[in-house]
Structure formats: structure tokens, C-alpha cells
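According to TrEMBL, the protein has these features:
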type	residues	note
BINDING	134, 165, 191, 239	divalent metal cation binding site
DOMAIN	436-582	domain 'VOC'
BINDING	439, 514, 590	Mg(2+) binding site
Ligand SMILES: O=C(O)c1ccc(O)c(O)c1
Ligand SMILES: [Mg+2]
């Protein structure tokens, strides 16, 4: 279907907004009046620029506070409307959005409103424009779409219809099922917005905290399915009032926006195919079908000086393998946990998680799907005798590889000298106390967090869990887990408070990423690490006193936890024991043991970690020299 975006979603001037919308692939825009009023360009110039960019101007908005007024006010409002209709003719815009009155409505009488709206529709007809009436959730007398539709129905004029905005309908908990009673041709416009559940007045929620579809929790597939059942064939348009998007580079937001609509069309097609809302003939973009990823194939850490990282890997029991045949990369593995240390083009790189590999049944299809979701493919120069690995770039610059899921040893490992299939399949039990990568935690710049959630959840088919805030010494850290249902792939995204001007641009330096390895015996991994000289992230005695108070654990268990700097959590499903390494550059490691059906991440312990890291950072000593033993 035709895709549009309201100019209010984007930062910059009207010309920058139009260029960004066109570059991201939109077909049209809703022209937000304030963007026009402040522009030096004439209406004709804006019309011509849009046309030259291949954009239609689909809606002029908003026209406010028209109906339910006294006669003198009505006369003034009609004069205002006439000026705007004249302007719309100059711009070549055929539809105007009219918001339900929130400010000047004093006559709470549907009959009066019907008469006044009919007068407006008759005026609009003289200018060959249409008026789309939208119930704002905080409208004085009209705040629900069913009420707006009753008025439009009573006016019964071809130039008056409704505008349905998912935010106003779903934020109030109104049932979108009633939409199917509206004939498609009387729905003049559809605005789509998502939001996270928050407790605040609906006006502030709407004006500051809308997000693109897929970045919140509204059931937009069900909403859009109802709309399409009516036969609506106009544009699907995004109208997102969001404080952050107003600050971010417009092209970036426009790409995020396009991804959200592509995702929503596909979700809605799936919803309709499940038979949830009857058949629809609307041409929805359908993405290639992919199964959930089945595991984390590898994580890559880029480092100019890999010594600290490699020492940590050795201390955790990883085996270092010989160099790669043709690339300056090294491989460390233990069980099915594989870490590639990449020295290529790593000049001035502090150790940083630069890539993650996910196992998928069909990499070609998964990449095609990601590219359709506006992801940029990562160009790769592979030798003919090397496994071709496909990747796309995430908003945080992480390269996401989509690897062919195989039983046992991935073929690419054989490109490392000294790695023989036989050797990998018969690792000693001692060497594989760590079994796999449990989760990867990536710090996100605050201004790209929603974008990252949509990117990872849509391209990798991961499901977002509820986010939570963790208190650290320099502010709250918002943490959001995205995962497969079976937990084979778990990504945690952290949005971190900007510390200083410098840290807000190089967020990783202040807020490291981490890779958590799974084991069935965290005590054994910790003891081995201790004998290999690991300097555990220290956990204070106060913590263990608190653990003793909260959990009825035997003294011996608490003594072991304290001895090895282990953290502990327990819920109704099971237990979680874990420890952390110091940070090397931007990366640290965690080792976790999940007992029974524990599904969390030790959230109650996160403040302990943040505080310990803060203190360690302050006391940070220079990198000690001396290469790690590799075997
Ligand atoms: O917040 C507002 O005023 C406003 C204006 C126009 C809209 O379409 C809308 O949904 C909200
Ligand atoms: Mg709206």
C-alpha cells in the first residue's frame, strides 16, 4: 500500500524532511502546518519540490477547534478554514485533517456539531477538498472515533469523512472492532502510531512518547486488519510525536519509520492469514518467511590490542586456535561458545563487540528479509575457498551475521589453522565447562534505542520483553531483552544515560557491552578462572549480608558465593548464579548458570555490578603487559 509519513515525525526544515522521506522510500507526506508556516519557501515551491522528489502531499494538518462553538466563533472559524482551503489548492493537497475541538468547544450538542461540520464540508466542496475528522483522545466533547463517525454519518456529505489515528483509539482502550462498521470510502485517512504503556495524562503521552509501529505495545496488526476490512485503500501514514525523533538526523528516523511500516504490513498480513479478521484484498507487503534463529553462532570482538581480551578468554577456559588462513582474526572456543578476535582494521579500536552471528535455517532468505526491512548489507570480500558469510549492519553499527545453522562444527571454523573437525568434536570435558553463549548485551546510544529495538526484533524475529530500569551510580540504565521463545538467542539492549558531552557520542566507552557464557557449573568455571589468575569483578560483603537476609541459603553456599564473587538470584522458576570479569576496553564477560527454569538475567544484582564497575573504572590501572597463554 501507499506509505506516507507526517513531517512532524522528522527533524530539520521542510526541505530536509521531504528529502529524508523520499530517500527512505516513502510515497507521500502529511504536511504539518507549523513546518510550512516557518518555511521560507512558497507553497508553490514546496509543491514543486515534493513533486520532483516523487512525493505526494497527502494531507494538510492540523485544523483545530472548529465545531461545537458559538455563532461568532463559527464565523471566524469558517474564515480561517477558507484561507486554509485556498492554501491547500496552491499546495495541491486534497485532504485536510480536522481535530475534534479541545479548546473552544462550549456547545455540547451533537446536532449543533453536525450542522457546523456540514457547513464546513460545503465550504470544502467549493475548493474541491475533503475534510477528515479525527477524534483526539482529549477532545472536549468528541474523544472517541465512534462518536466522530456518528457525527460524520449524520452530516452525510461527500466532502466529510473520518481520520482514524491508532494512538487516539488504542491509548483509550477503545475497541477497534467498531471500525468495520465504517465504509472504507468514508475513512479519508489512516494514521499509525505505537506507544509503550505508561501512566500519564493522554495528551502528554501522545505529544511526547509515540513511537513507530513495532517499538511499542499496541496491537497494531489487529487495528490495521480492521481498517483494511472496510476496503480502505488510501495511504498508511505514520504520525509520531516523539521528543527524541525531533533531535535525531532526519534520514535515520525516516529509515526507521519505513522499516516500521514494512514490518507492520507483514504482521498484518500474517494476522489476516490466521483468519483473525476475515479476508482482505489490500496489497500488503509480505516479507520472506523465516524461522526463528536457533542459536548464537559466534561473537566477534574487534581490538587493536587483543591481549587483555584474550587473557580473559583463557582464564574462562577458552581454547585459542591458530590464526585464520587469510585474515588477521583469531578464534577462541569452548563448547559451542565461539569468540572471534578481529585485528583487521582495528587500529585505535578499544576491544568492542563488532559482530554477532545468529544461526538461521536459510541465511539467503534471512538477509533478503533484513534488506527489505531497510537494513544495509555489509559488503564482504571472501576468497573462493572460504565460507561465504552474510551480514547486515545494525543501527548501533554492530554487524549481524546470518549463519547457516549446522549440527556441530560450523564450516568456517576449519579456516583456522590447527582446527580439525575431529579436534572440535572431542573437546575435553574440562575445556568445555562453558557450553554456549547465553546472551549478548549491547549498549545503545539513548537517541537510537527505539530504532535498535525495532531493528533487532524485526530482522531477527525476536520478541521484546518488558524493559526495566536499573539504578547505577551515574543514572538509570534502561534494559530491554529481545529473545526467541526458546531462549536460544537472547539480546539485551541497554540505553544508558549520557555522562558527559564526550561520552554521549562515544557511549560504548562509558557503558561497556558484554557477552554472557552459559555453564552448568559456575563454581567450577570460577575456580578454574581463579587458578588462572582472573581478577573477578569484586562484590562487596554488604551484598552477601543482604543475600543471607533475603534467601534462606546454607552458610556454606553463601561462603562459596562470597569466596568467588558470585552473584545469586532466585525466583519462582529457579535460580541464577553468575560472575563478571573486569572490563577490557568496552567489553566484559559474564558466566551464568541457570538452574531449573530461571529465565531472567539477575536484574536485582545489576546495581551491584554497575557500582562495582564504576569503582573499578575510577581505580583503573594501566593494562598489564605479558601475553596470555593460548592453550
Ligand atoms: O496533538 C495534537 O494536537 C494532534 C494533532 C493532529 C493529530 O493528528 C493528532 O493525532 C494529534
Ligand atoms: Mg493524528
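Cβ atoms here come from the backbone N, Cα and C positions, even for glycine.
Automated prediction, rather than curation, is the source of TrEMBL annotations.
Structural mapping of features recorded in TrEMBL.
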residue	record	CB count, 10 Å
134	divalent metal cation binding site	24
165	divalent metal cation binding site	25
191	divalent metal cation binding site	24
239	divalent metal cation binding site	28
439	Mg(2+) binding site	21
514	Mg(2+) binding site	21
590	Mg(2+) binding site	22
Discussion item. Any of the binding-site residues 165, 439, 514, 590 with a C-beta atom under 6 A from ligand 1? Give them in order, or none.
Written reply: 165
Worksheet item: When you average the Cβ positions of 134, 165, 191, 239 for the divalent metal cation site, which other residues in that chain have a Cβ within 8 Å of that mean position?
Response: 97, 163, 164, 166, 167, 168, 189, 190, 192, 193, 237
Practice prompt. Among 134, 165, 191, 239, these being the binding-site residues, pick the one whose CA is nearest to that of residue 590 (Mg(2+) binding site).
Written response: 239
Worksheet item: Any idea what the Cα distance is from residue 134 (divalent metal cation binding site) over to residue 439 (Mg(2+) binding site), rounded to a whole Å?
Response: 44
Worksheet entry | Counts by DSSP class (helix H/G/I, strand E/B, coil) across the domain 'VOC' (436-582) | 52 helix, 50 strand, 45 coil
Worksheet item: Going through the binding-site residues 165, 439, 590 in sequence order, which have a CB under 6 Å from an atom of ligand 2?
Response: 165
Discussion item. Rounded to a whole angstrom, what is the C-alpha distance between residue 191 (divalent metal cation binding site) and residue 514 (Mg(2+) binding site)?
Written reply: 39
Response to the item:
Mean pLDDT across the domain 'VOC' (436-582) comes out at 91
Discussion item. DSSP secondary structure for residue 239 (divalent metal cation binding site), reduced to helix/strand/coil, please.
Written reply: coil
Response to the item:
As a whole number of Å, the Cα atom of residue 514 (Mg(2+) binding site) is distant from the Cα atom of residue 239 (divalent metal cation binding site) by 36
Worksheet item: What Cα-Cα separation, expressed in whole Å, is found between residue 439 (Mg(2+) binding site) and residue 239 (divalent metal cation binding site)?
Response: 34
Worksheet item: Quick one: which residues besides 439, 514, 590 have a Cβ within 8 Å of the Mg(2+) site's Cβ centroid, in sequence order?
Response: 438, 440, 441, 492, 515, 516, 517, 588, 589, 592, 601
